[in-house]
């Protein structure tokens, strides 16, 4: 265990986590051990089927671990009431299609549900928080649009705004850039950096694009076959050898003159 | 702008209540013995405690009082309560299953009730409980047993998948319909009776049935209304709902139990009346918007208004004989629904 002044209190620790969807299925996640410290942006990367989304589902108590446990700030995840957990961790889901005629504003307001009484109307502070979240994610301009009329990118930003409105210390995103164009990819990732800086949020995001991960995440967790292949500081994890082991293709690594980070170019041997 | 919207929505609610009240009085006036609107109004008000004492009924014929209060009112109220219950269940199922085609009968409740009713008719038994005859009792039990079986089959581990439960409900319904056909094949003489029952009717309404139905409607609707916020969030997606702190499995379970009791009560007093639970919520959604806090109470009012209207037509248009109310709901409702579909193509749906 790491020793620091507020060690467990500001961590999510995952201990020997194994999980399978049904009894006679093989393990999708196998003995995962990892600690998330506050104040970082974690990127979870890995090939399709490596268990990234399953891992997130476990972190959010959508499913229950078969072995091992997850401790959030020193309390077992399974001991949290769902409503209390929703005040700790927010999710931006992978599937952003919303087949509903709710307005954008109403959907972002749903981020306040964990804090509201059953029949309570939105308070002024709810309204302020929701407005700020919409401005931050650039969706205030279409707040009165119905959500089933949104483009993929707009829907993504609305759900991100909702997660921000949830006002949690931890924010989990499942492939947030998948349906965004280049401009919105960059804007979304930069808004995450801002959230970390100004709102003290710790961010855990599944990503497919290694260059986005390299640019915006300071910690990388690389998964393969349901296990954590390697994790740690971004430059230490994203090396030619490790990437080749995980993705089974080669990478050329260049210096990115624009931001001082690395730039990764995948290629095959033949 | 928000404030004006709220005023408008409250106005619509108020308007629906007025329409419902006028409709009840009007419906109590029409029939083989026609009364004036004010006479039936008097008779109804006379029965209301306290205010009623100020009304003098001496100028109204005794027989009219009997017709309005003992014959027409129970029927009108029973139709209203059933319409109310069916459309609230429909509205909540459309949200819960995220399926615009969901209606109160989707879990196999109605075919279960029909098997129960058929068995009761064929057995020729007689008994009664809470104002229900043997057919009603068997229908009620048949409905509940069927939902229980569907629910058990559709559960994987301790989780209910909405796709599973809808498919299981449909499959079990089909099998039960075959069972009814089989039973009828052996009892040709009862075919007409069974067939008429499945088309629905309020002709056997009594005050006892009204109180039976009021109890279930009140408990069921209040219960479902408690989950208005959860239903809102669940229409956006299951994962979203869970991450916002909603125990989706629990919500599904409670809603299915409440809705099944409601629908079982409906079919046991009236037979199977389709269409209301499917279409009224869609129409109401156009006025109320998608928030269940408004959608559910407005659907309750809309369902009652529509059902009383249909039943009044069913009992008057071919008087002295009458038509099955299920026929009227479909014949009247479908063209209107298609009209709405044409004009609001993208707005209909959960």
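Including glycine, each Cβ sits where the backbone N, Cα and C put it.
TrEMBL: automatically predicted annotations, no manual curation.
Record features (TrEMBL):
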| type | residues | note |
| --- | --- | --- |
| TRANSMEM | B:76-93 | transmembrane segment |
| TRANSMEM | B:105-122 | transmembrane segment |
| TRANSMEM | B:129-153 | transmembrane segment |
| TRANSMEM | B:165-186 | transmembrane segment |
| TRANSMEM | B:207-228 | transmembrane segment |
| TRANSMEM | B:254-283 | transmembrane segment |
| TRANSMEM | B:295-317 | transmembrane segment |
| TRANSMEM | B:323-341 | transmembrane segment |
Tertiary contacts of the transmembrane segment (B:323-341), as residues 6+ beyond its ends and Cβ separation under 8 Å: 79, 196, 198-202, 270-276, 279, 282-283, 286, 306-307, 309-311, 313-314, 317, 348
Contact yes or no, the transmembrane segment (B:295-317) and the transmembrane segment (B:207-228), 3+ Cβ pairs under 8 Å, gap 6+: yes
Outside the transmembrane segment (B:129-153), six or more residues from its ends: residues with CB under 8 Å to it: 107-117, 119-121, 123, 160, 165, 168-169, 172, 176, 197, 204, 206-209, 211-212, 256, 260-261, 263-265, 267-269, 271
For the transmembrane segment (B:207-228), sequence-distant contacts whose Cβ falls under 8 Å of one of its Cβ atoms, 6 or more beyond its ends: 70, 74, 77-78, 81-82, 84-85, 88-89, 92, 130-132, 136, 251, 254-255, 258-259, 261-262, 265-266, 269, 291-293, 296-297, 300
